[in-house]
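Asks: I have a structure I would like to understand better, so I am pasting it below and will then ask my questions one at a time.
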């Protein structure tokens, strides 16, 4: 959690696990390995791997997921980028005109 890395988050696999936000991704990996039967019943959100929801609820979660907005913004910004041929030629930055004449 960018806002408060010390905030406690409840583990979606084992409800009595309380994990600090900064350690949450690491905990999920270990907890999935330790609890494979519970992990099989959960699905991972396509917008945020920290979101584990019951498989039956995944489509509802996708519709309501707050992180979907970030992905949609990323898709929109890609359409606003210059075409690929301009990117292949390198930077389009040009130095501003210089008023100095080193020859004089």
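Residue numbering: from 1, along the chain as shown.
Cβ from N, Cα, C; glycine included.
Copied straight from TrEMBL:
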- 8-35: domain 'CHHC U11-48K-type' (DOMAIN)
- 42-69: domain 'CHHC U11-48K-type' (DOMAIN)
- 79-104: region 'Disordered' (REGION)
- 84-94: compositional bias 'Polar residues' (COMPBIAS)
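Could you place the listed features in the three-dimensional structure?
Replies: Note on the domain 'CHHC U11-48K-type' (8-35): residues 1, 42, 49-53 of its chain, located 6 or more positions outside it, place their CB under 8 angstroms from a CB of the stretch.
Here the domain 'CHHC U11-48K-type' (42-69) has long-range neighbours at 12-13, 24-25, 28, meaning same-chain residues at least 6 beyond its ends whose C-beta is under 8 angstroms from one of its own.
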